[in-house]
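Peer 1: What follows is a structure written as structure tokens; I'll ask about it next.
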Amino acid sequence: MNSVTVRVPAKVNLQLAVGPLRDDGYHDLVNVFHAVSIFDEVTATAETGMSVRVEGESADQVPEDDDNLAIRAALALARHAGRSYGVNLIIRKAIPVAGGMAGGSADAAAALVACNELWGLGLPVEDLMEIAADLGSDVPFALLGGTAVGTGRGERLTPLEVGGRFHWVFALADGGLSTAKVYAECDRMREATGEEIAWPRAADPLLAALRRGDAKALGSELANDLQPAAVMLRRSLARTLEAGREQGAVGTLVSGSGPTCAFLAESEAHAGELALSLKAAGVARDVITAYGPVPGPTVV
Ligand code: ATP
């Protein structure tokens, strides 16, 4: 086999509960991850060295050297296998870069699946999960797909039962937000108010709404502890979120560390209407529709 192409989805966090800052600088999280139908594609082709090229949505903002998460994943897999394999990766991006939709983690997961196949390693998903956890806290979910609760730094995953398909509208912003800066702003805002930070746990009403496939109930339970910090760093997001509420979204939230905003619709038709209204309101660089949950990386 000379070449393998893998399609991998973006994620939105339906609940992102951030615990107190730990001594090691991390936070304990409860993350309800949901994979949605915005896909990057990674093609791995056998080669002697390691190289990567990025095309598509905001490709100029993605490194094409060893800092690229997909190349780091390929290197980690070769190390795990104890061999000096080579690969050329071509990443076609549709997932917004630094948009809070874990595009880099998705590409890393896709590279693990593609290289495992290309190099004929046949490693089980448990081995890929271990490598994924070392690469970053969102990479294990990117490998799993669907809908799942992540605890710890997000890497301990429990898949969730979902009783239907949810329809989403995403408002893409100009430029990204640094995840590290958003966490730092969250810590700063919490320290300033002196609020007591509760131990994070998944919200039962949210899990029940997912089980029933009930968009209205899910919409009222969407929650992101990073949202105030993301809005503080990018004030225009308050207007974007407000526009979604005004146009009848059943739920609104900043996706992960932002700046992408996610709006939940009641149906596919409603998502189409909502997308048109948000485009007309001029509150985003681009507006796209998607549905979830979708499976994780798939060889195409
Ligand atoms: P998260 O939601 O996991 O915090 P994000 O969606 O906000 O992540 P990414 O799109 O994953 O952000 O990109 C974060 C940074 O990682 C970017 O600044 C980008 O330059 C770098 N990066 C490295 N490799 C990739 C890749 N393959 N795709 C996208 N970004 C990458």
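Using the three backbone atoms N, Cα and C, a Cβ is placed for every residue, glycine included.
Nobody curates TrEMBL annotations by hand; they come from automatic prediction.
Residues or ranges marked as active site in TrEMBL: LYS11, ASP138. Taken from TrEMBL, the feature ATP binding site covers PRO96, VAL97, ALA98, GLY99, GLY100, MET101, ALA102, GLY103, GLY104, SER105, ALA106. The domain 'GHMP kinase N-terminal' feature in TrEMBL is assigned to 68-146. Taken from TrEMBL, the feature domain 'GHMP kinase C-terminal' covers 206-282.
Where in this structure would I find these features, and how exposed are they?
Peer 2: For the recorded site, LYS11 (active site), the DSSP three-state label reads strand.
Within the same chain, residues at least six positions away from ASP138 (active site) with a Cβ under 8 Å of its Cβ are LYS11, PHE33, ALA102, SER105, GLY154. Secondary structure at ASP138 (active site), taken from DSSP and collapsed to helix, strand or coil, is coil.
Within the same chain, residues at least six positions away from PRO96 (ATP binding site) with a Cβ under 8 Å of its Cβ are ALA10, GLU57, SER58, GLY103, PHE170, LEU172, ALA173, GLY176, THR260.
According to DSSP, the domain 'GHMP kinase N-terminal' (68-146) comprises 46 helix, 8 strand, 25 coil.
Over the domain 'GHMP kinase C-terminal' (206-282) the predicted model carries a mean pLDDT of 97.
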Peer 1: Taking only the binding-site residues PRO96, ALA102, ALA106, which have a CB closer than 6 angstroms to any atom that belongs to ligand 1?
Peer 2: ALA102
Peer 1: Including all protein chains displayed, how many Cβ atoms other than that of ALA98 (ATP binding site) lie within 10 Å of its Cβ?
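Peer 2: Summing over all protein chains shown, ALA98 (ATP binding site) has 20 other Cβ atoms within 10 Å.
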Peer 1: Count, for each of the binding-site residues ALA102, ALA106, the other C-beta atoms lying within 10 angstroms of its own C-beta, and report the residue with the smallest count.
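Peer 2: Looking at the binding-site residues ALA102, ALA106, the Cβ with the fewest others within 10 Å is that of ALA102.
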Peer 1: Hey, for the ATP site built from PRO96, VAL97, ALA98, GLY99, GLY100, MET101, ALA102, GLY103, GLY104, SER105, ALA106, who else sits with CB inside 8 A of the CB center?
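Peer 2: Output for this site, in sequence order: ALA10, ILE95, GLY256.
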Peer 1: Inside 10 Å of the Cβ of GLY100 (ATP binding site), count up the other Cβ atoms and send me the figure.
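Peer 2: Its Cβ has 29 other Cβ atoms within 10 Å.
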Peer 1: Tell me which residues of the chain lie with their Cβ under 8 angstroms from that of GLY104 (ATP binding site), as long as they are six or more apart in sequence?
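Peer 2: Non-local contacts for GLY104 (ATP binding site): VAL62, ASN68, LEU69, ALA70, VAL97, GLY136.
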